[in-house]
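Engineer: My questions all concern the structure below.
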Amino acid sequence: MHTVHTVLLLADPPAQTLPARSMMAFTLASHIILVPMGVALPLITLLMHGYGLRRGDATALLLARRWSAVMAVQFAIGVVTGTVLSFEFGLLWPGLMGRWGDVFGIGFGVEAWAFFLEAVLIAVYLYGWRRLPSRTHFLLGLPLPLVALLGAFGILAANSWMNTPRGFTLDAAGNPVDVRIWKAVFTPMFGPEYWHFVFAMFVTAGYVVAGVYAVGRLRGRRDHYHRLGFTVPFTLAAVCTPVQFVLGDSIARQVFQKQPVKFAGMEIVWKTATHQTEYLYGRLHPDGTVTGGIGIPGLDSVLAGFRPDTRVTGLTSVPAADRPTPTQATIAHWAFDTMVGIGSLLLLLALWYGGLWLWRRRLPASPWFFRGAACAGVASVAAVECGWITTEVGRQPWIVYQNMRVAEAVTATRSTGLWIMFAVIVVVYVFVFGSFLAVLLRMRSRWRLADGQGGPRPPKETPEPDTPETETPYGPRSAGSRL
Amino acid sequence: MIAGVIAVVLLLAIAAYACGGGTDYGAGFWDLTAGGTARGKRPRQLIDHAMEPVWEVNNVWLIFVLVIMWTGFPVLFQRVFTTMWLPLALAAVGIVLRGAGFALRRPARRLAGRRLYGAVFAVSSLLTPFFLGTAAGGVASGRVTATTTASTDAWANPTSLLFGLLAVAATATLGAVFLAADARRFAAPDLDRYFRHRSFAALAAVAVLAVVTLVVTHDDAPHVWHGLTHGVGLVFVVVAVLATLATAWLLTRPSGAWSRVTAVGVVAAAVIAWGMAQRPYLVPTSLTVAEGAGAPSTLRWLGLVTLVALVLVVPAVALLYWLDTHGELEGLTDADLRRDSAP
């Protein structure tokens with residue numbers, strides 16, 4: 001193991017590293033946009049659906065149906081972009097899987113059957129609207145949020161293991177033996193990462209969905225439909241935001257405890273000392289100086305250990321080859337600060353909403369609140385991206401923290417081939433995500449047009465007979481028998 | 001012992017993906033060959049309608065295969081993905097285009113959009129099983145080794161190409177047989193005939209390709225050839241042949257009942273025969289199951305995870321297939337998404 005390290009210290013990272021990392025970063029960054037929707041949109045839709053059933057509110061049911069139609073497309077694209085990530089484990093990081101697959105791969109096994117259940121339940125939910133009895137349909141959808149949480153379990157177990165690997169011993173050749181699965185799944189970073197991630201998903205999905213209706217409200221649409229479409233997801237997100245703030249604070253301290261060098265990168269701390277300065281942004285240079293940014297003396301130590309004399313480990317506590325480069329540290333630091341900044345703004349927005357609700361029992365009337373709410377969706381997606389950049393870039397140069405370098409894990413395929421494939425993937429993803437957005441926008445304008453023409457009418461008892469527009473040309477023979 | 005069990009689980013998962021995912025790829029194949037907008041309208045509508053609720057579930061079998069590979073047999077995973085880099089990368093791209101094309105085709109309204117998404121879906125439905133097949137052929141012919149680099153020879157060789165073509169033909173068979181059954185379910189006798197004819201053609205292609213593959217493997221993949229012509233491998237080859245004949249016979253009967261079961265039997269038996277023929281190797285003559293296996297404790301846990309999966313997933317998937325084949329699942333239509341409707 002040590003000889004490998006020395007060799008790598010002397011050699012430059014292989015040419016494959018840059019394209020492989022770019023490709024992984026690009027595909028994950030794209031996929032992660034869909035993840036909050038995949039995890040939390042079923043919950044939000046079920047909340048709306050349940051509300052509609054309980055109150056007999058046709059508008060709530062309409063919203064739930066429309067969100068289902070969006071979910072159908074979004075889930076499909078999430079499934080395929082997620083499959084690509086599984087392939088990339090082998091295509092880009094065969095060294096990681098070859099050596100460590102049997103240590104940390106089992107979490108993905110749990111994830112695989114969670115996906116099965118999720119795919120089944122979501123298919124039943126999305127395609128059950130028309131023919132299943134309404135109670136059965138709703139009840140079959142209810143396990144969806146739980147299954148989504150189970151799916152997140154697997155991927156988070158794997159990622160937290162990469163950050164705080166354990167549950168194995170190394171033999172003389174540096175290969176893991178004596179694997180203890182339980183310890184490898186429930187690593188020190190698992191709990192904090194899992195809850196931080198899950199709440200991030202709820203917050204993000206809530207703000208994204210609510211943001212659509214906030215825009216509608218800003219454009220003067222103040223009917224029951226927009227009010228409901230805004231309130232349900234926003235309330236969920238607003239309740240989760242303070243919890244997420246506390247969880248975020250706690251995970252940062254966990255990183256300080258368990259991965260001090262990563263924490264040093266996130267906070268651009270150069271030398272180990274007490275009374276560390278907290279920098280808001282700023283840039284770390286190779287000589288350890290920081291330019292730009294706002295420095296608050298002593299605050300970093302206080303945040304890490306509640307006291308100014310907390311000793312915070314610096315980047316220079318380990319050799320240069322075992323820590324993030326100054327550029328990587330700066331990237332992680334900026335991503336971290338941006339995430340915290342967005343989180344703080346979202347907390348203010350949630351407090352505004354919650355405070356007014358508690359005291360006055362009404363929605364804020366100020367357009368500034370709705371402007372904020374309209375931006376909250378995009379902002380929270382940005383925060384998710386930043387959080388992910390923080391944890392991945394902050395872990396550099398390790399793929400398995402202190403056990404395997406990214407450069408050791410990368411594929412031996414020629415770097416030209418990787419660059420070409422990266423270009424292909426970019427084109428394909430731009431096409432897919434662009435089309436997805438176009439389809440969503442067209443759905444929205446179609447519905448708005450239909451709403452404008454039809455106007456709210458009292459709901460009918462039975463489903464409409466198939467109109468010529470419906471795309472099912474020949475119904476099953478048993479059509480209607482179950483209704 | 002436990003490694004052998006997990007290897008069987010891996011093989012069964014591959015067989016399940018070949019049958020489940022294969023049916024969907026096959027539907028895409030017939031979408032590709034359905035002709036122009038007017039001529040292909042009805043077959044395409046049937047394909048959309050039949051695939052819609054189940055294809056995502058079928059895709060999860062692939063994830064399951066990958067997870068078992070990297071957790072149970074990390075070395076195999078590493079070697080396959082290193083040597084079969086290009087076909088697997090292309091298959092991954094194909095999977096994205098196919099799923100996205102299919103999902104986007106339905107909500108798209110304009111003819112140009114539907115054409116574009118439909119073409120993307122159909123073409124990648126052809127390419128993805130081909131490339132996955134070539135990767136499997138590379139494994140079967142022992143070209144996946146620790147020292148092989150990702151050269152074209154690793155996958156552009158007779159066995160790989162035939163495995164790829166066989167994969168396409170098998171998916172086309174499954175797709176046509178299932179679509180014919182769906183057409184009967186939706187009381188569309190013309191489409192039933194349409195897809196029955198195509199089932200025969202595809203089945204004949206499978207039979208011819210299978211014979212050619214057997215001849216080619218004699219020299220190109222001798223270990224697999226020996227396994228296919230002896231012992232358990234031979235038993236499954238015979239089962240596959242019998243299932244092929246049964247499928248052909250059932251397709252001539254007016255009701256067509258059970259043809260889906262026998263068609264799945266053809267593909268599943270063929271995949272299992274291949275796996276059995278490879279015994280005791282994961283990759284013939286360079287990596288045995290025992291050598292490639294991960295840590296024993298992990299394999300035991302993987303066995304447990306599989307058991308839980310069986311208990312949880314099988315009833316769920318069965319429920320979905322039951323609901324689907326009984327016409328309970330149907331996509332939301334425009335009418336359902338307007339204010340004056342309440343299904």
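Keep in mind that glycine also has a Cβ here, set from the backbone N, Cα and C atoms.
Because TrEMBL annotations are produced automatically, they should be read as predictions rather than curated entries.
Note that the structure is predicted; figures quoted are calculated from it, not measured.
So TrEMBL says this about it:
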{"type": "TRANSMEM", "residues": "A:27-48", "note": "transmembrane segment"}
{"type": "TRANSMEM", "residues": "A:69-91", "note": "transmembrane segment"}
{"type": "TRANSMEM", "residues": "A:103-126", "note": "transmembrane segment"}
{"type": "TRANSMEM", "residues": "A:138-158", "note": "transmembrane segment"}
{"type": "TRANSMEM", "residues": "A:194-216", "note": "transmembrane segment"}
{"type": "TRANSMEM", "residues": "A:228-247", "note": "transmembrane segment"}
{"type": "TRANSMEM", "residues": "A:331-356", "note": "transmembrane segment"}
{"type": "TRANSMEM", "residues": "A:368-390", "note": "transmembrane segment"}
{"type": "TRANSMEM", "residues": "A:418-441", "note": "transmembrane segment"}
{"type": "REGION", "residues": "A:450-483", "note": "region 'Disordered'"}
Engineer: Counting only pairs at least 6 apart in sequence, do the transmembrane segment (A:418-441) and the transmembrane segment (A:69-91) share 3+ Cβ pairs under 8 Å?
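Structural biologist: Between the transmembrane segment (A:418-441) and the transmembrane segment (A:69-91), contact is present.
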Engineer: At a Cβ cut-off of 8 Å, and with pairs 6 or more apart in sequence only, do we get at least 3 pairs between the transmembrane segment (A:103-126) and the transmembrane segment (A:194-216), yes or no?
Structural biologist: no
Engineer: Against which stretches of its own chain does the transmembrane segment (A:69-91) lie, if we need a Cβ under 8 Å and a gap of at least six residues from its ends?
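Structural biologist: Beyond its ends, the transmembrane segment (A:69-91) has Cβ neighbours at 23-24, 27-28, 30-31, 34-35, 37-38, 41-42, 45, 97, 119, 122, 126, 411, 413, 421, 425, 429, 432-433, 436, 439-440, 443.
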Engineer: What parts of the chain pack near the transmembrane segment (A:331-356), using Cβ distances under 8 Å and only residues at least 6 beyond its ends?
Structural biologist: 203, 207, 234-235, 237-239, 241-242, 244-245, 248, 262, 265-268, 279-282, 284, 324, 362-364, 369, 372-373, 376, 379-380, 382-383, 385-387, 389-390, 393-394
Engineer: Could you give the residue numbers and ranges of same-chain residues that sit at least 6 residues beyond the transmembrane segment (A:368-390) on either side and whose C-beta is under 8 angstroms from one of its C-beta atoms?
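Structural biologist: Counting only partners 6 or more residues beyond its ends, the transmembrane segment (A:368-390) has Cβ contacts under 8 Å with 28-29, 32-33, 35-36, 196, 200, 203-204, 207-212, 214-215, 217-218, 230, 234, 237, 266, 331-332, 335-336, 338-339, 342-343, 345-346, 349, 352-353.
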Engineer: So what's near the transmembrane segment (A:228-247) in sequence-distant terms, Cβ-Cβ under 8 Å and 6+ beyond its ends?
Structural biologist: 40, 43-44, 47-48, 51, 57, 59-60, 63, 192, 195-196, 199-200, 202-210, 212-214, 216-217, 343-344, 346-347, 349-351, 353-354, 363, 373, 376, 380
